[in-house]
Amino acid sequence: MAGGVVVNNGGGKDYPGKLTMFVLFACIVAATGGLIFGYDIGISGGVTSMNPFLIKFFPSVYRKEQAAEKNQSNQYCKFDSPLLTMFTSSLYLAALVASFFASTVTRVAGRKWSMFGGGVTFLVGAALNGAAKNVLMLILGRVLLGVGVGFANQSVPLYLSEMAPARLRGMLNIGFQLMITIGILCANLINYGTAKIKGGWGWRVSLALAAVPAAIIAVGALFLPDTPNSLIDRGHTDAAKRMLRRVRGTDDIEEEYNDLVAASEESKLVAHPWRNILQRRYRPQLTMAIAIPLFQQLTGINVIMFYAPVLFKTLGFADDASLMSAVITGLVNVFATFVSIVTVDRLGRRKLFLQGGTQMLACQIVVGSLIGAKFGFSGVADIPKAYAAFVVLFICAYVAGFAWSWGPLGWLVPSEIFPLEIRSAGQSINVSVNMLFTFIIAQAFLPMLCRFKFILFFFFGAWVVIMTLFVAFFLPETKNVPIEEMVLVWKSHWYWGRFIRDEDVHVGADVEMPAAGNRNGKVDPAKLAN
């Protein structure tokens, strides 16, 4: 690759091109893969708060709930059931396993076919859940939903990061998280409506309607173009060049094309990406692929979102009121995500992480204190509606803090930091860790709520402190940096630079590496530009 590196304010090459309608349409369609994940997060908590659903599949939980309401017994423990938590969390265990297979499909067949497979599998799972006659049928449907989520979550963030121009990658990639939040909101609204259906079969409608977002991504994937990166990696170089011209809206694509080809040639030297990802030079990316999804789940957000109706019911809301409160948090989630879309490529990833972490910590402390002051350790109390509404207000503020920080960035940053040779393997690790800890926390939340009481909110708050400090010291800024040049960011970081040798950097023939020591990990334009 000839020529030096011309660096813009974000620290990477500014390739010619613009945001074309073709790219915008492709990214919107691909981002709908987030709908299936979001819909499931929202729908599962809603149906588990519907009495007809509990009576049919989890009668012991229903009896415990009724006894708690009549006898003023411990509100913290009335939903504690291993079978109920297995219903919710089985999806995430299936998604964890599926993501490893999705890595191979995504690399060999292309990103779009991985999305298509995820949509079709999710569609079958939705049909099975809607027609469920027993718990086994219900959980089998959840497993198929999980396979669909594993494939979609593995392929969609990669697709968005590869299609988007570097300077707009954050905005377009966050479309995935936006679709997750829209899916959650739609599920909350549907639950609110189906709970009113007479005859007690509204839960079937809620579960079966998961087929709608599944059909959207399955059909939409058929019309999506492959990314230039994927085409080059699979040997279709002429098609890749034509596609790159189309997605960038210019004929001046030679420099970017040559960089993509060089990255692909480098990747083909790696015969075993799963083994190579353990090499010292990939230590920074591997650490982030594990730490970021781990921390994302330890914010406690999925606990709030898919147990929101159950949580609000525990706080004393009636059935309809608890579902409406979940709708309110869903609305906050959607609108706050737009804040991230607008600011992520201007303010950068680090600032949003740090601000969101501070906001979530404050809200966790307030919510835990309010619940503790009223319920104490006994879990027995009547909460006035005004008091409960005050709790919901701070939960909404917490959701907003997550929605413009750890929510979208937890998917964006891991998808943009891996070089092509280990990108699919790296994204699989990211998704697998995310699903593993979603499963663990979903499985553990109701028992933990029963045993830790209001202290549980302080538990998650402590993790928010840890993850915010981790970002402050160890996450470099990656805005505006082309994916193929991300190694420069790690090489220039005060800590991660020690893991990367000069010979591990293959960006340009005339690149002069900056000295490690920049805490933010930003590449100094004065040192990199010729």
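Cβ coordinates come from backbone N, Cα and C, glycine included.
Swiss-Prot annotations:
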TOPO_DOM  1-18  topological domain 'Cytoplasmic'
TRANSMEM  19-39  transmembrane segment
TOPO_DOM  40-81  topological domain 'Extracellular'
TRANSMEM  82-102  transmembrane segment
TOPO_DOM  103-119  topological domain 'Cytoplasmic'
TRANSMEM  120-140  transmembrane segment
TRANSMEM  143-163  transmembrane segment
TOPO_DOM  164-169  topological domain 'Cytoplasmic'
TRANSMEM  170-190  transmembrane segment
TOPO_DOM  191-204  topological domain 'Extracellular'
TRANSMEM  205-225  transmembrane segment
TOPO_DOM  226-291  topological domain 'Cytoplasmic'
TRANSMEM  292-312  transmembrane segment
TOPO_DOM  313-323  topological domain 'Extracellular'
TRANSMEM  324-344  transmembrane segment
TOPO_DOM  345-359  topological domain 'Cytoplasmic'
TRANSMEM  360-380  transmembrane segment
TOPO_DOM  381-388  topological domain 'Extracellular'
TRANSMEM  389-409  transmembrane segment
TOPO_DOM  410-428  topological domain 'Cytoplasmic'
TRANSMEM  429-449  transmembrane segment
TOPO_DOM  450-453  topological domain 'Extracellular'
TRANSMEM  454-474  transmembrane segment
TOPO_DOM  475-530  topological domain 'Cytoplasmic'
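According to DSSP, the secondary structure content of the topological domain 'Cytoplasmic' (103-119) in residues is 15 helix, 0 strand, 2 coil.
Fewer than three CB pairs closer than 8 A are found between the transmembrane segment (454-474) and the transmembrane segment (170-190), and contact between the two stretches is not assigned (pairs 6 or more residues apart). The stretches the transmembrane segment (429-449) and the transmembrane segment (120-140) do not meet in space: the count of Cβ pairs below 8 angstroms, excluding pairs fewer than 6 apart in sequence, stays at fewer than three. A Cβ distance under 8 Å defines the sequence-distant neighbours of the transmembrane segment (205-225), meaning residues of its chain 6+ beyond its ends; these are 22, 26, 29-30, 32-33, 35-36, 38-40, 43, 46-47, 112-113, 115-116, 118-120, 122-123, 125-127, 129-132, 141, 145, 148, 152, 159, 183, 186-187, 190-191, 194, 197, 243, 246-247.
The largest share of C-beta pairs under 8 angstroms with the transmembrane segment (120-140) comes from 82-102, of the ranges 19-39, 82-102, 170-190, 360-380. Each residue in the topological domain 'Extracellular' (40-81) has a pLDDT score, and their mean in this model is 76.
The transmembrane segment (324-344) makes contact with the transmembrane segment (170-190), as judged by at least three Cβ pairs under 8 Å among residues 6 or more apart in sequence. In summary, the transmembrane segment (19-39) lies against the transmembrane segment (143-163): three or more C-beta pairs, each 6 or more positions apart in sequence, are under 8 Å. Same-chain residues lying 6+ beyond the ends of the topological domain 'Cytoplasmic' (345-359) with a Cβ under 8 Å from its Cβ atoms: 10, 167-171, 397-398, 400-402, 404-406, 409, 412-413, 464-465, 467-468, 471-472, 475-480, 520.
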